[in-house]
């Protein structure tokens, strides 16, 4: 089976219960299946907390975090440091052989500045699959933060959904975006099982899909188009359903290419 990229988001990193559930599901899945898995993560909540402690402003533009030069070191520390090693610690606790990486390791993702107005925010494009294929072939679980580095050595904060898409393209992998919500919800708060670009545009125009979810849906649509295959948005809260999800059963919203 082709590899599966699991992108973790939301308050997952803040919740011990959620991490316990997730890694228990990952462990049991890996024992029963040969499918190579890759975890990609951001850590927005962690960064927000840190900014608050340091009395630094949090500014978002169209759902993307503005990252000034004087904040990129702090954000790199939170994402590539604390968030990455926290996930690594959970993997080790569950006897999973994991490796903590960033987008730049092995040139897995090519990163360029996205927009000068956003500061150190990067645009992710597929890179070389060599390092990750070597690790997956040896049975490791790569845990990859959404910090990238440009060709001229600038640290960049990359939207984790977009980072996961670029990695999926690099590896020819399937992609699941795991978040706090059980998928995309309609105006009545009901889960939408399948979503096309046309349906998404309608819901965005009607103001039903807003803020960070717009970025998530657009990232999933972009991923589905780029990869030429469906992408799932689902919740980590339903831990009992995660093994089925890892096997290709939709439990949230399936975004169609």
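Every residue gets a Cβ built from N, Cα and C, even glycine.
Annotation comment: Swiss-Prot describes 7, 216 as site 'Transition state stabilizer'. Swiss-Prot lists 43, 44, 65, 157 with the feature substrate binding site. Swiss-Prot lists 180, 181, 182, 183, 184, 185, 208, 209, 210 with the feature ATP binding site, giving sequence analysis as the kind of evidence.
Swiss-Prot feature annotations superimposed on the structure.
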{"residue": "7", "record": "site 'Transition state stabilizer'", "Cβ neighbours (10 Å)": "30"}
{"residue": "44", "record": "substrate binding site", "Cβ neighbours (10 Å)": "22"}
{"residue": "65", "record": "substrate binding site", "Cβ neighbours (10 Å)": "21"}
{"residue": "157", "record": "substrate binding site", "Cβ neighbours (10 Å)": "30"}
{"residue": "180", "record": "ATP binding site", "Cβ neighbours (10 Å)": "15"}
{"residue": "182", "record": "ATP binding site", "Cβ neighbours (10 Å)": "17"}
{"residue": "184", "record": "ATP binding site", "Cβ neighbours (10 Å)": "24"}
{"residue": "208", "record": "ATP binding site", "Cβ neighbours (10 Å)": "16"}
{"residue": "210", "record": "ATP binding site", "Cβ neighbours (10 Å)": "11"}
{"residue": "216", "record": "site 'Transition state stabilizer'", "Cβ neighbours (10 Å)": "25"}
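Candidate recorded positions: 7, 182, 210, 216. Nearest to residue 65 (substrate binding site) by Cα distance: 216. Recorded residues residue 184 (ATP binding site) and residue 44 (substrate binding site) have their alpha carbons 20 Å apart, per Cα-Cα distance. Apart from 43, 44, 65, 157, the residues listed for substrate, the same chain places the Cβ atoms of 42, 47, 75, 78, 79, 146, 159, 160 within 8 Å of the centroid of those Cβ atoms. The Cβ of residue 43 (substrate binding site) lies under 8 Å from the Cβ of 13, 78, 79, 82, 83, 145, 160, each of which sits 6+ residues away along the same chain. Cα-Cα distance from residue 7 (site 'Transition state stabilizer') to residue 180 (ATP binding site): 12 Å (rounded to the nearest whole number).
Ranked by Cα separation from residue 157 (substrate binding site), the recorded positions 182, 208, 216 are led by 216. Residue 216 (site 'Transition state stabilizer') falls within a helix when secondary structure is assigned with DSSP. Of all Cα pairs drawn from 180, 181, 182, 183, 184, 185, 208, 209, 210, which the record names as binding ATP, the longest spans 17 Å.
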